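One structure below.
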Number of protein chains: 2
Amino acid sequence: MAKLSIPQGTRDFGPDVVRKRNYIIATIRKTFELYGFQPLETPAMENTSTLLGKYGEEGDRLIFKILNNGDILGQAQMAKDSRELSLLLCEKSLRYDLTIPFARYVAMNHGKLQLPFRRYQIQPVWRGDRPQAGRYREFYQCDADVVGSNSLINEVELLKIYDTVLTDLQLTGYELRINNRKVLAGLAELVGRPDLMTDITVAIDKLDKIGESGVRQELLTRGLTDTETDKAMAFISLSGTNEQKLERLSELLASSETGLKGVEELRFVLNSNLASFVSPPQLDLTLARGLNYYTGMIVEVKAPPGVNIGSIGGGGRYDDLTGLFGVPGISGVGISFGVDRIYDVLEKLGLFPVEAQESTRVIFFHPGEARLAEVFRYATQVRDRGIAVEMYPEDIKQDKQYKYAEKRGIPFIAYVEDHAPDTIFIKNIPEKQRYTIKAEELAGFGF
Amino acid sequence: MAKLSIPQGTRDFGPDVVRKRNYIIATIRKTFELYGFQPLETPAMENTSTLLGKYGEEGDRLIFKILNNGDILGQAQMAKDSRELSLLLCEKSLRYDLTIPFARYVAMNHGKLQLPFRRYQIQPVWRGDRPQAGRYREFYQCDADVVGSNSLINEVELLKIYDTVLTDLQLTGYELRINNRKVLAGLAELVGRPDLMTDITVAIDKLDKIGESGVRQELLTRGLTDTETDKAMAFISLSGTNEQKLERLSELLASSETGLKGVEELRFVLNSNLASFVSPPQLDLTLARGLNYYTGMIVEVKAPPGVNIGSIGGGGRYDDLTGLFGVPGISGVGISFGVDRIYDVLEKLGLFPVEAQESTRVIFFHPGEARLAEVFRYATQVRDRGIAVEMYPEDIKQDKQYKYAEKRGIPFIAYVEDHAPDTIFIKNIPEKQRYTIKAEELAGFGF
């Protein structure tokens, strides 16, 4: 028999991991709902035609395609290359992200939806990337978007959601960085190259990876002159408080209508009277975010500097989500949490609470046939209090049952002994405490 | 642009449906954990070789296969038929159920697992069935299994889980029906045709669909004589209480060692001293369950008769889960909840509680720019109490905001008015109540 395995880039999540992931996801979900976001789930499979052309050429290649049923051999013989063959053979594909299925859903249901529509969606997505450390072929995305509202109140609330969730997760030192695409458009005008707005954005977006000199080089390569590059570099190097930066931006972008609009939007979003933050958003003019569909605020959440994990979330405003599907004019703004990376951060910093690491709280040892019904009753009584209880199902030596409890990390063991009717012996393993109680005291015992 | 659609047999789940489904799933999960079951998640994709041959020929055809990357055209030219082609082109396939991935997981990790291992798993599965009413190509399964223990205590606890979950869901009139495969083996011996045990089981399993005369006909077709068929029919028609049936079975099966073992197992599981049930399990000798791998207790849960939905769950004991994957000797017992069907039952009977149908509890109307910060503060204050709040993001006429709130089913609206500083007006829409409170009273207001 061949060695058992699972496909490259996929993972089994055992109990310890699922519990900790569920803790993260439950915290996010609770906050989404607190802000009025509503759950949506779309199918794992979409029509291939819904997905193709939405993620660039590279993306098209990385979409997992699902083989049609029926006479695929006949179809196979009609194809002239592998790409054409894959399209002939696969009408359906696996979800690649949550944004396009959401856009498809909104476009399909826009007559019925109450706008603004706040939805959140927490589901796995699949990508045929080459597997490597921290990059998987199946992973969860966790998105919240508001569509059908241009109000910047949405931006403020989404930033509050980041702050609330990360604070609830006991994380400190994370950074909420924001910028605005209109300001970057203003920058392109300022340097005299509005035609190169996208190139400038792409270059700036690499700052973290290639450093200042790298960005300078990239700007030159992409067609800016030395002087233009100097202007751009000076712009993104602006320092000071949010207020100082905004002041300076107003001056620099005085001649750019778009740029000033961006500054105004930033002022609204950063207005500390509206909302208070544990980690207030910081204006970061070097923040660009690669995705071309953003048109207003962009945001990125950085893990605390010490853990060296980088971005744990991001998002922004886009002007036309559903235009791709024939329903123009629905703008939106959204954020996303990187659950896998947040998991790694909490793990590195030891921030998972005990509750997220504990499963069964009490185990009753098998008492032998004679008192089985009695112990069943005890177990039921404790479960009725909402406490997770196992009964060890096999009638074996107590030290073996004890070992099982220990390895499973069950804190309380409880058992009866032949010589002691109506008496329960309890040990708290981690705290090395022993108790002997009467059966009628079980209801009040503090497990 | 082509009309937008999703693949046949798949579904979008909008907010109302997700909330209600989550209510069912959360109830099941809570109970699984109360009984010491631990969460497991396996990848959507398994190696095709892991799944093939596990679900019969029909099953093999219904497995969704995922196209390999790379030179599929070259591979395509080597295949001689569509079946061979699909295997050449697809190393990976989508999960078809949760049992085989669980068996694969246990086999891959059996050195590390603490046995008995109680796992639960709630994930979607995919099947290429022809879509029809109530049958989908993507649906959730919801399983709990104990492996590595032969104790019948597990059977009792799993039956208790059914009873607890369905009672928590406010369902009444459901039926827990149990039988034992060893008793059916005894029946085959009794009629003198132990060689036809599977045929007899398959025929009995159809009783619900084809009635008594149909089963009789099927038994004859499958090779039983008239006399043998009479014996079988008399056996499955035994009536009376559980105790009466068990008594009668002991006599009938006196010469069948296997049969008597089955009776003994049933006696243990049905022993009402061990556990008390809201709907106690009923011995149903006509229950057979189609799956051939069951070897001990089998169980099926029937929806209340009125709703005409049939089975909402089932399971049983199997002797050798992981033998398929080269690790013999690990037996187990498990149950499954049919989430889609339970959904339909609760919907038909109007049993979803208000909490499962409500999203946002309070909406604050947009107060205009001047008092925006103030209302933001109010909203935050209510959210800090764990109450879901929306702020209407657009500064539009109040009656439009009111309509939005009404259509969304948000029970409380709250707003400020220009002439009334530090005053909040609140309406409870469903109860047609109005309140006028001072800002400092908000903290204590009962939303």
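Backbone N, Cα and C define each Cβ position, glycine as well.
Note that this is a predicted model, so its numbers are computed, not measured.
The L-histidine binding site annotation in TrEMBL covers B:Asp97, B:Leu98, B:Thr99, B:Arg127, B:Gln141, B:Asp145, B:Arg289, B:Tyr293, B:Tyr294. Less than 8 angstroms from the CB of B:Arg289 (L-histidine binding site) sit B:Asp205, B:Ile298, B:Glu300, B:Gly314, B:Gly316, each of them six or more residues away in the same chain.
As annotated by TrEMBL, domain 'Aminoacyl-transfer RNA synthetases class-II family profile' applies to B:1-367.
Taking each Cβ in turn and tallying the other Cβ atoms within 10 Å, the top scorer among the binding-site residues B:Thr99, B:Gln141 is B:Thr99. Counting Cβ atoms from all protein chains shown, B:Tyr294 (L-histidine binding site) has 23 others lying within 10 Å of its own Cβ.
On its own chain, B:Asp97 (L-histidine binding site) has B:Tyr55, B:Val125, B:Gln141 as residues at least 6 apart in sequence with a Cβ closer than 8 Å to its own Cβ. DSSP gives B:Asp97 (L-histidine binding site) a coil state; it is part of no helix or strand.
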